[in-house]
Each structure stands twice: as C-alpha cells, then as structure tokens.
Amino acid sequence: MLSSTTKHPSTLFLLFFLPAIWRIQSLTHLPQNWSHIKRWYLTLTGSLLVLAATFSSSAPSPIIPALMQEFGISTEVGTLTISLFVAGYCVGPLLWGPLSEQYGRRPIFILSFFGFLCFQIGSALSKNIASILVFRFLGGTFAAAPLANSGAMISDIWGPKERGAALAIFTVAPFAGPGIGPIVGGYLYQAGVSWRWAFWIISIFAGVCWLQIILTVPETYEPTLLVKMAQERRRTTGDERYYAAMEKDSKKIADRVEAILARPFKILFQEPMLFVLTIYLSFIYGCIYLLFEAYPIVYTEGHHLKPGPSGLVYLPLPIGGFLAVVVYMFFVNTDYSRKAEEYAPEPVPPEYRLRVVMIASPLFTLSFFWFAWTSFPSISIWAPLASALVLGFSICWIFLGLINYIIDVYLFVSASALAATVVVRSTFGAGFPLFASQMYAKLGPEWASSLIGFIALAMTPAPFILSRYGPSIRSKSKFAPPRPSIKASA
C-alpha cells in the first residue's frame with residue numbers, strides 16, 4: 001500500500017519529484033509489495049542463514065576430546081573452539097548491521113558468507129590448534145551477519161501486521177542451530193571419523209548458503225532500492241531531478257566509518273530500554289551455551305550416554321521452539337492481527353509484543369529449577385529432558401517477543417539496534433561456557449542450575465515493568481519514531 005511504503009523519508013524525498021504513473025509503478029517494486037511467495041521464500045532463506053551460523057557454533061563441541069588428544073590441549077583450550085566462534089558474533093554485527101544500512105543487505109550477505117566459507121575451510125585444513133582458534137574467531141565474525149541482518153531483512157519485506165508470523169518462524173533458527181550441531185558432531189565422533197569432518201560439513205553448509213544468496217536473494221533495503229530506481233530513472237530520462245535522500249548524504253568517509261562502528265553502541269547506551277532488553281536477552285543467550293557444558297555432566301557422566309545419543313539430548317530445545325512457533329502463529333499472531341485492525345490506520349503499540357514475554361519469562365525461570373532438581377542420576381532421564389522442552393518454548397517466545405518489540409520501536413535503525421543486542425549477547429554466549437564447567441564441578445548440577453534459576457527469577461519482572469512504563473520511555477527516545485499507547489479498554 002502507498003501508506004506503508006511512503007513512510008520512510010528517502011521514499012518521500014524521491015517520490016516528491018516523480019510523475020504519478022511512475023510513482024505507482026515504483027511502489028509495486030518495493031519489498032513490502034512483493035508477492036507472498038517471494039517474501040516467504042526470503043523469510044525461510046534468512047532463517048536458513050541464521051541456522052547455518054548457529055549450527056556452526058556448536059557442531060565442533062563433541063569433537064573437542066579428539067582435538068585435545070591430537071594437539072595435547074586442556075579442556076579449557078578445547079572449549080575455545082566454541083567460545084571464540086561465538087566471540088566473533090561480538091565483532092561482526094558492529095560492521096554488518098550498520099554497513100547493510102549504508103550499502104544494502106545483499107552485498108553484505110554475499111561478502112560475509114564468502115568469508116565464513118573460507119575460514120571454515122581453513123579450520124578443516126589447519127595443522128595446529130592456534131590456526132583453528134584464529135579461523136574459528138574470524139569465521140564467527142563473518143557468520144554474524146545474518147544474526148543482525150536477517151531480522152532486519154524480514155522487517156524490510158513485511159509490515160507490522162504480518163511480520164509476527166514471519167519472525168515466529170525465523171526465531172526458531174537461532175536455537176535450532178545450537179541444538180542440531182552437537183547431534184551431527186556427536187555421531188561424527190562416535191563413528192570415529194577425523195575431527196576435520198566437522199569443519200568440512202560446516203564448510204559445505206556455508207557454501208550452499210553462499211550460492212543461494214548469490215542466485216536468489218535480491219536487495220530488500222528500501223533506501224538502497226530507491227537509490228537504484230533514481231539512478232536508473234536519471235539514466236533513461238536524462239532528468240537529474242530524480243534522486244533519493246541517501247544520495248544527498250554528503251558525509252565524509254571518516255564520518256561514515258564513525259557512524260558505522262559507533263551507531264550500535266550509541267543507540268545502546270542512549271536508550272535505557274534497549275540496554276535493559278539487551279542484558280536480559282544476553283543472559284538467556286548465555287544460558288543456551290552454558291548447557292553445552294552442563295548437559296555432558298548430567299547426561300554423559302551422570303547417565304553414561306555415548307557421544308551420539310549425548311548429542312540427542314539437545315533436541316528438545318528446538319522441538320520446544322517449534323511448538324512455541326505453532327502456538328504463536330495460531331493464537332498470538334491471530335490476536336495481533338485483530339489489534340492491527342482495531343488500531344488502524346495507526347500502528348499497534350509495541351507493548352503488545354511483550355505479552356508473550358510476560359508468559360515466557362516465568363517459564364524460563366521454572367525450567368532451570370526443574371532441570372536442577374531432576375538432574376540426579378537416580379531420577380529418570382526423561383525428567384530433565386522434559387524441562388528442555390519448556391526451556392526451548394520459553395526462550396523462543398522471549399526472543400520472538402523482544403525482537404519484534406525492538407524492530408517496532410526502532411524501525412529504521414533496527415539493524416543497528418539488533419546489532420547492538422547481538423554484540424552483547426554474543427559476549428555472554430562466548431563467556432558462559434568458559435566458567436560453566438568449573439561452576440558445575442564445584443557446585444554440582446543441582447545448585448549450579450539453581451543459581452541460574454535465581455538470577456533468571458530476579459530478571460523476570462523486566463518485561464512487566466517495560467509493558468507498564470514503555471510508552472513513557474519511548475516518548476523520550478532519540479531514535480524511536482512516535483507510536484501510540486495501549487488503549488485503556490484493551
């Protein structure tokens with residue numbers, strides 16, 4: 001619709017000069033007016049790219065003993081193959097998110113996945129542990145692009161009313177990847193093949209995704225598309241009045257670099273609301289990677305599972321996430337569509353996105369206490385596994401609600417806002433495994449998991465507080481466009 005595509009300032013700047021017929025023709029080529037089939041394909045592709053990145057983070061975890069044996073390293077050094085890859089997520093979004101807002105989504109996806117592919121091949125061919133660790137860090141840096149930009153791409157192609165269903169499917173990928181990775185790596189280790197095969201499989205996955213991007217993923221960032229439209233129009237008509245606002249940006253190169261590197265942190269530290277959400281998301285994300293140390297202690301040492309079946313214990317996490325998506329799409333998204341009609345022509349207040357988070361936050365806390373006190377070897381293995389279903393469900397809803405909320409609130413700087421959250425939460429994801437093994441060894445699985453549960457309990461009120469005071473906080477934001485508040489009768 002015209003209203004949905006002319007809200008961006010660069011659209012208005014360009015369309016001011018366009019004849020009415022060409023204006024309507026151009027609007028049909030903007031991402032939110034593409035066919036549903038094309039937009040759903042791009043949604044699934046964006047999810048696949050995130051799946052590839054997160055799968056790669058955890059797939060080598062079962063082959064760490066093989067690395068320890070071949071290179072004579074400690075458990076802590078072996079764990080760095082996971083932590084350094086996730087640490088790369090801290091660096092990558094600083095570049096890929098803001099760069100995509102300068103040059104578009106497509107070239108950044110192509111460049112980043114090519115680098116990701118090259119560094120995974122480097123890991124597979126490495127002759128020593130130092131080169132593996134360097135390649136893992138660089139690979140994580142390049143693999144971080146879809147973590148920041150796939151969500152932004154989805155916001156490019158879907159309006160607020162439809163975006164919930166698209167992000168519901170997309171949100172499974174960040175948790176399915178870490179859950180599937182240890183399964184593949186575990187059976188590779190149990191089969192007795194070389195540890196290099198874990199990295200070759202990651203390389204194949206990355207290569208397929210890279211080719212898919214080149215062949216099938218178009219540009220989706222509206223300001224970049226408008227620049228191309230204006231350039232083409234000037235070329236064909238010779239009329240220099242056709243230009244987009246982005247073309248009139250006369251910033252110097254140094255200023256552009258500063259904006260690219262500093263914008264995510266500038267938004268993060270100038271927005272208390274985003275800062276609180278980022279800390280909460282980061283803690284939850286760190287807990288996912290903490291499980292890579294906790295699960296082997298509970299299931300391999302406690303229940304004496306072999307490497308292959310030990311990888312399967314991660315499967316309830318993505319299953320719980322899938323169930324969360326099904327419930328979300330059939331019930332939550334349907335309710336949101338009704339709210340969209342109720343508030344039309346104004347957008348739905350972002351605080352509606354927090355309702356699922358207010359349900360999921362207590363479930364997340366409960367799941368860790370559940371896991372803690374059913375992790376005794378004398379208790380059936382199915383009891384702690386069931387807690388992982390609740391954990392996966394709650395994590396998916398928390399991320400789904402908060403990512404939607406961040407996109408709704410920050411809109412045109414959403415890639416930078418998401419990049420800031422990815423950087424901080426990746427720091428937690430990289431750091432948690434490094435202390436998890438010692439914490440679980442000293443406290444025992446029961447009290448170590450309970451400690452996480454108590455911290456989660458302290459954070460549970462965050463979405464409730466934000467739901468109450470969010471509109472007041474948003475009204476003071478430098479980056480959030482105006483949005484209505486929830487109606488008193490709602």
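Glycine too: its Cβ is placed from the backbone N, Cα and C atoms.
The transmembrane segment annotation in TrEMBL covers 12-28 (among others).
The transmembrane segment annotation in TrEMBL covers 40-57 (among others). Outside the transmembrane segment (40-57), and at least 6 residues removed from its termini, the chain residues within Cβ reach (under 8 Å) are 82, 85-86, 109, 113, 116, 120, 139-140, 143-147, 150-151, 153-154, 157-158, 166, 169-170, 172-178, 180-181, 184, 202, 205-206, 209, 212-213, 216-218, 220, 289, 429.
The domain 'Major facilitator superfamily (MFS) profile' annotation in TrEMBL covers 42-490.
Same-chain residues lying 6 or more positions outside the transmembrane segment (77-96) and placing a CB less than 8 Å from one of its CB atoms are 56-58, 60-61, 64-65, 67-68, 108, 112, 129, 132-133, 136-145, 147-149, 260-261, 264, 289, 292-293, 418-420, 422-427, 429-431, 433-434, 437. The feature transmembrane segment is assigned by TrEMBL to 77-96 (among others).
Per TrEMBL, transmembrane segment is recorded for 108-126 (among others).
The transmembrane segment annotation in TrEMBL covers 132-154 (among others).
Tertiary proximity for the transmembrane segment (166-189) is limited to same-chain residues at least six positions away from its ends with a CB under 8 Å from its CB atoms, namely 39-40, 43-44, 46-48, 50-63, 65-66, 147, 150-151, 154, 157-158, 195, 197-198, 201, 288-289, 292, 307-312, 314-315, 317-318, 321-322, 324-325, 328-329, 333, 392, 395-396, 399-400, 403-404, 407. Here TrEMBL flags 166-189 (among others) as transmembrane segment.
Positions annotated as transmembrane segment by TrEMBL: 195-215 (among others). Counting only same-chain residues 6+ beyond the ends of the transmembrane segment (195-215), those with a CB under 8 A from a CB of the stretch are 45, 48-49, 52, 55-56, 59-60, 63, 66-67, 70, 106, 109-110, 113-114, 116-117, 120-121, 123-125, 143, 184-185, 188-189.
The transmembrane segment annotation in TrEMBL covers 273-292 (among others).
The transmembrane segment annotation in TrEMBL covers 352-373 (among others). Proximity of distant same-chain residues to the transmembrane segment (352-373), defined by a Cβ-Cβ separation under 8 Å and at least 6 residues beyond the stretch ends, is recorded for 284, 287, 324, 328, 332, 336, 339, 383-384, 386-388, 390-391, 393-398, 400-402, 404-405, 408, 445-450, 452-453, 456-457, 459-460, 462-464, 466-467, 470, 486.
The transmembrane segment annotation in TrEMBL covers 379-402 (among others). Sequence-remote contacts of a segment are chain residues at least 6 beyond its ends whose Cβ falls under 8 Å from one of its Cβ atoms, and for the transmembrane segment (379-402) they are 167-168, 171-172, 174-175, 179, 277, 280-281, 284, 288, 298-299, 303, 313-314, 316-321, 323-325, 328, 353-357, 359-361, 363-364, 366-368, 370-371, 463.
For 409-435 (among others), the entry in TrEMBL reads transmembrane segment. With a threshold of 8 Å between CB atoms, the same-chain residues lying at least 6 positions outside the transmembrane segment (409-435) that come near it are 8, 57, 76, 79, 82-84, 86-94, 96-98, 100-101, 144, 147-149, 151-152, 155, 263-265, 267-268, 271, 273-274, 277-279, 281-290, 292-293, 350, 403, 474, 477, 479-481, 483.
Positions annotated as transmembrane segment by TrEMBL: 447-466 (among others).
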Fill in: For the transmembrane segment (273-292), sequence-distant contacts whose Cβ falls under 8 Å of one of its Cβ atoms, 6 or more beyond its ends
57-58, 61, 82, 86, 175, 178, 182, 267, 314, 317, 364, 368, 395, 398-399, 402, 405-406, 409-410, 417, 420-421, 424-433, 436, 452, 455-456, 459, 462-463, 466, 470, 473-474, 477
Worksheet item: Counting only residues 6+ away from its ends, which parts of the chain sit with a Cβ under 8 Å from the transmembrane segment (447-466)?
Response: 273, 276-277, 280, 283-284, 287, 290, 294, 351, 354, 357-358, 361-362, 364-365, 368-369, 371-373, 375, 401-402, 436, 439-440, 473
Discussion item. What residues elsewhere in the chain lie close to the transmembrane segment (132-154), defined as a C-beta under 8 angstroms and at least 6 residues from its ends?
Written reply: 42-43, 46-47, 49-50, 52-54, 56-57, 60, 67, 80-81, 84-89, 91-93, 96-97, 100, 105, 108-109, 112-116, 119-120, 122-123, 126, 163, 166-167, 170, 174, 206, 220-221, 403, 407, 414-415, 418-419, 422, 426
